[in-house]
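Here is what TrEMBL says about this protein:
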type	residues	note
DOMAIN	63-153	domain 'Sec20 C-terminal'
TRANSMEM	132-150	transmembrane segment
C-alpha cells in the first residue's frame with residue numbers, strides 16, 4: 001500500500017515521496033540479507049564442491065601417479081625379462097651350435113668306426129684265409145718232402 005505524494009523542493013522540482021518507503025527499504029534489506037545469506041550458503045556449497053573437486057582431483061592425481069609408477073615398474077620388469085630372454089636365447093643358440101658340432105663329430109666318429117669295423121672284418125677274413133692257405137701249403141710241403149724222402153730212401157734201403 002503505497003501512497004505517493006508530490007511536493008516541490010526548494011528548487012521547484014517535484015519530489016515524489018512514498019509512504020511506506022521505510023517498509024520497502026526494510027523489505028529490500030531483508031531480501032538482500034536473504035540473498036546474501038543464500039549466496040553465502042551457496043558460496044559455502046560452492047567452496048565445499050570446490051574442496052570436494054580438489055579432493056577428487058587430488059585422489060585422481062594420486063591414483064594417476066600410482067598407476068604411472070606401477071606402469072614404470074612394469075616396464076622395468078618387462079625390460080629385465082626381455083634382457084633375460086635375450087641372454088637365454090643367445091645361450092640356447094650357443095648350446096645349439098655346440099650340439100650341432102657334437103652331432104657332426106659324432107657322425108664323423110661313427111663313420112670312422114664303421115670304416116674301421118669293415119677293415120677289421122676284411123683283415124679277419126684275410127687272416128682266416130691266410131691260415132687255411134698256410135695250413136694247406138704246410139700239408140703240401142710236408143707231403144712233398146715225404147715223397148722226396150721216400151723216393152730217395154727207397155734207393156738207400158733195398159727192401
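Yeah, the Cβs are placed from backbone N, Cα and C, and that goes for glycine too.
Using DSSP to sort the residues of the domain 'Sec20 C-terminal' (63-153) gives these counts of helix, strand and coil: 91 helix, 0 strand, 0 coil. Taking the domain 'Sec20 C-terminal' (63-153) as a whole, pLDDT averages 94 in the prediction.
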